[in-house]
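What Swiss-Prot lists as disulfide bond is Cys43-Cys113. The domain 'Ig-like' feature in Swiss-Prot is assigned to 21-120. Marked as region 'Complementarity-determining-1' by Swiss-Prot: 44-59. Residues or ranges marked as region 'Framework-2' in Swiss-Prot: 60-74. Annotation source Swiss-Prot lists region 'Complementarity-determining-3' at 114-120.
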Amino acid sequence: MRLPAQLLGLLMLWVPGSSGDVVMTQSPLSLPVTLGQPASISCRSSQSLVYSDGNTYLNWFQQRPGQSPRRLIYKVSNWDSGVPDRFSGSGSGTDFTLKISRVEAEDVGVYYCMQGTHWP
């Protein structure tokens, strides 16, 4: 069964800082999916997100229709409490991916990547 819904959105962040603006770009803009099949969303940063402490502060958020956003993944690949293990995050430096191993109907929504490394 195909879900004719938008599974993700594009988020571009300009964060003023000493090393210049950080631009986050997601692709694709829209992703038709099939229940039970995998789905993948990419996120690219214009600068490395590796912080001076060695951590990479890349988060993934999900916003279901009519609901507030909730964080799914923090520091690239760590699950927040209650997040199903069909979600996984990976990547390093500037390139990151959110994968859903088996899409369920409740997964329909908008997905955002957000960096937390570079701040004004």
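Cβ coordinates are placed from backbone N, Cα and C, and glycine is handled just like the others.
Within its own chain, the region 'Complementarity-determining-1' (44-59) has Cβ neighbours under 8 Å at 19-27, 71, 73-76, 89, 91-96, 113-118, counting only residues six or more beyond its boundaries. When Cβ-Cβ distances below 8 Å are used as the criterion, the region 'Framework-2' (60-74) is approached by residues 43, 80, 83, 87-89, 98, 106-114 of the same chain, each at least six residues removed from its ends.
Under the DSSP three-state reduction, Cys113 (disulfide bond) is assigned to strand.
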